[in-house]
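Chemist: One structure, as structure tokens, below. Some questions next.
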């Protein structure tokens, strides 16, 4: 059985590692990012992939910079026949890419060359796509630009969030990898070059991208909310305070108003005007310093003073 080194870090990578184990490959080592402080107490927390690897007694390496000779040589010492990566988080050096007999392959959560980069699942929803998928390709030193080996499409539903789509793509990626490796080893795959002119990019989400722009059409704002759910979460501002908007729905606007204006307050939501006739009913939110709550809870408590005509999103962040 061929010897594999697996490189991955977040939850997305775990079903892929599990599949490799289930398929009986000799997993010589798992390479993941260093433990990081998390939560309010800033406790050092291991990456999900490390936790999974340790359950199976697989050696774990946690290089800070995989491109440094001393660090990548630790990986080469395992003499892998194949390196598989999935959301590892660092670009590999040529010495690693060239070493394995069957190369280095990556499981990427988009239909390349679309959405290269670290946040393809977010952008698929932010851009209102109705389908995305998983690509398995050879790794090169350029970001997600290697030759394509296999792909599978995954539909995006109207109610998918980053969370639900993440799980679908992770499972689809594990299944596709299970089908791809035997074909790769048997020499049955013809790599297809990516058309760089058709490449689009999904760079990691920045804080300023999380803010809701109420002047946009309601459909875009709905995609914005679900495209940042459950992380990092869309937000708006009200009276100088930040509100995280955990969920909202598209509804017909009961009347015209300046974008960001509260145009209706109902039992289960705050209806806000947008840049077109589709309003957004905020149904779940988290005011600064408070817990996440549904709109009904908010309107009974901290939001009891809200009235129609008040405006969201105009103020500078405090």
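Placement of Cβ uses the backbone N, Cα and C atoms for every residue, glycine included.
Quick paste of what Swiss-Prot says about this protein:
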- 110, 111, 112, 113: (6S)-5,6,7,8-tetrahydrofolate binding site (BINDING)
Chemist: Once near-sequence residues are set aside, which residues in the chain of residue 113 ((6S)-5,6,7,8-tetrahydrofolate binding site), 6 or more away, have Cβ atoms under 8 Å from its Cβ?
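Modeler: Long-range Cβ contacts: 145, 194, 195, 196, 198, 199, 200.
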Chemist: Could you say whether, by DSSP, residue 113 ((6S)-5,6,7,8-tetrahydrofolate binding site) belongs to a helix, a strand or a coil region?
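Modeler: In three-state terms, residue 113 ((6S)-5,6,7,8-tetrahydrofolate binding site) counts as coil.
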Chemist: Given a 10 Å Cβ-Cβ cut-off, pick out the one of the binding-site residues 111, 112 that has the most other Cβ atoms nearby.
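Modeler: Per the Cβ count, the most surrounded site is 112.
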Chemist: What other residues of this chain sit with their CB within 8 A of the center of the CB atoms of 110, 111, 112, 113, the recorded (6S)-5,6,7,8-tetrahydrofolate site?
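Modeler: Those within range, site residues removed, are 108, 114, 115, 116, 120, 133, 135, 144, 151, 194.
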Chemist: What are the sequence-distant neighbours of residue 110 ((6S)-5,6,7,8-tetrahydrofolate binding site), meaning same chain, six or more residues apart, C-beta distance under 8 angstroms?
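Modeler: 116, 120, 121, 124, 132, 133, 134, 135, 202 - these are the non-local Cβ neighbours of residue 110 ((6S)-5,6,7,8-tetrahydrofolate binding site), listed in sequence order.
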